[in-house]
Amino acid sequence: MFYLIGLGLVDPMDISVKGLEIVKRCSRVYLESYTSILGCHKEELETYYGRPLLLADRDLVEEKTDEILTGANEDDVALLIVGDPFGATTHIDLVLRARDKKIPYKVIHNASILTAVGCCGLELYKFGEIVTIPYWDETWKPESFYDKIKFNRLHNMHTLCLLDIKVVEPAGEPRVRGRRQIMRFMTVADAAQQLLSIVDRKNVLEHNTVLNDMSLCVGLARVGSETQRIVAKSLHDMASTDLGGPLHCLIIPSKELHPLETDYLQGYATFKLDSYNY
């Protein structure tokens, strides 16, 4: 059997009882290490699970899937995934490949940031399409995520913005599997700065009224952990906000909040929400 097992959001104990039992009996267990991270190190997981884990980077998961699936029709093989297994399309592709090879599979679900963001008080059923904000560089500055935020705002829906995780190779060195890589994590400040850059340009070109520097946004960091942080402030102020270590995400709320959302979110706000123009 091939198992895709969700690990939850924070630490070794977030795995389900069912998931842990499966991990202990598998012949091989891979830890997917690029779509997200837990708030702990691989060695802590190995100690808690009582077994070694094999790191599965982007190259292995997306390009060399056969290596993971080999033998899964004879022995139990597991892939551990931060959050819920179906939180990324990459893992849906893995299931399709297992089907093609007639390998039986099971999915063990767990908590995901896609639902855990309800901790800020915004109602989950009012969220529209989720976006990912990537790091810009000198030659690549995509803005498609802004169009989706704009669509959600125009239809009175919240937008969850997942923030980029980038692998940074040591200068001048090729990518080598198994070598500990440097990870760069986008912060809410990084994301807000990029959004402000787009907003400023839209204001000049089309007198943008959908989003501006005083629009409300919600920053979240390390959701589900003992050091969880939530703040609600203007996009302008979020651009200089330090929420500490990873992982961060950003929410652009709808232009109209339900009274219960306003009351709950007020506990994290730096201004009075009931009189604020979103």
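Just so you know, glycine gets a Cβ as well, placed from its N, Cα and C.
Copied from TrEMBL, the annotated features are:
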DOMAIN    1-163  domain 'Tetrapyrrole methylase'
BINDING   Leu9, Asp84, Gly87, Ser112, Ile113, Leu163, Val223, His248  S-adenosyl-L-methionine binding site
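Long-range Cβ neighbours of His248 (S-adenosyl-L-methionine binding site) (same chain, at least 6 residues apart, Cβ-Cβ under 8 Å): Leu163, Phe185, Met186, Thr187, Val188, Ala191, Gly219, Leu220, Ala221. Within the same chain, the residues at least 6 positions away from Leu9 (S-adenosyl-L-methionine binding site) whose Cβ sits under 8 Å from its Cβ are Leu38, Gly39, Val82, Gly83, Ala111, Ser112, Ile113, Ala116, Val223, Gly224, Ser225, listed in sequence order. In this model, the domain 'Tetrapyrrole methylase' (1-163) carries an average pLDDT of 92.
Listed in sequence order, Gly6, His109, Asn110, Ala111, Ser112, Leu114 are the same-chain residues six or more apart from Asp84 (S-adenosyl-L-methionine binding site) with CB atoms under 8 A from its CB.
In sequence order, Thr35, Ser36, Ile81, Ser112, Ile113, Leu114 are the residues near Gly87 (S-adenosyl-L-methionine binding site), counting only same-chain partners six or more apart with C-beta under 8 A. Other C-beta atoms found within 10 angstroms of the C-beta of Val223 (S-adenosyl-L-methionine binding site) number 21, with every protein chain shown included. Of all Cα pairs drawn from Leu9, Asp84, Gly87, Ser112, Ile113, Leu163, Val223, His248, which the record names as binding S-adenosyl-L-methionine, the longest spans 17 Å.
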